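Chemist: Let me begin by handing over the structure; questions about it come next.
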Amino acid sequence: GGGGGAAMADGEGLVSVDYEVYGKVQGVFFRKYTQGEAKRLGLVGWVQNTSHGTVQGQIQGPTARVRELQEWLRKIGSPQSRISRAEFSNEKKIEVLEHKEFQILK
């Protein structure tokens with residue numbers, strides 16, 4: 001970890017970030033719980049299982065809320081899941097949300 005450099009980050013701006021979660025995350029209702037948590041936080045995007053046993057997707061919304069879901073994906077997940085790690089990439093500021101809701105993709 002280690003912060004620094006983010007003190008001036010604007011908590012109100014919108015961001016988009018891609019994620020992939022590793023560990024025991026398939027067959028444990030991980031997508032359903034991720035969708036529920038995202039909706040609770042007012043975020044949009046998507047989540048899906050991959051062919052190599054991970055869960056991946058995209059999150060969009062206010063920076064502070066996106067950070068909350070990132071922490072949730074990194075540490076909590078669904079009750080039966082065993083997360084080994086979560087990776088985030090392609091983070092960028094956006095002007096408008098590119099999704100209408102948070103969807104589970106097949």
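For all residues, glycine too, the Cβ spot is worked out from N, Cα and C.
These figures come from a predicted structure and were not determined experimentally.
Not my notes, these are from TrEMBL:
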ACT_SITE  R31  active site
ACT_SITE  N49  active site
DOMAIN    16-106  domain 'Acylphosphatase-like'
Chemist: Measuring Cα to Cα, tell me the gap between N49 (active site) and R31 (active site) in whole angstrom.
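Modeler: A Cα-Cα distance of 8 Å.
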Chemist: Quick one, of the active-site residues R31, N49, which Cβ has the fewest other Cβ within 10 Å?
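Modeler: With the active-site residues R31, N49, fewest surrounding Cβ atoms within 10 Å: N49.
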Chemist: Per DSSP, to which secondary structure element type does R31 (active site) belong, with helix, strand and coil as the options?
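Modeler: Note: R31 (active site) is helical by DSSP.
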Chemist: Check the DSSP secondary structure of N49 (active site), expressed as helix, strand or coil.
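Modeler: DSSP call for N49 (active site): strand.
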Chemist: Can you break down the domain 'Acylphosphatase-like' (16-106) into helix, strand and coil residue counts using DSSP?
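Modeler: Summed by class, the stretch gives 25 helix, 39 strand, 27 coil.
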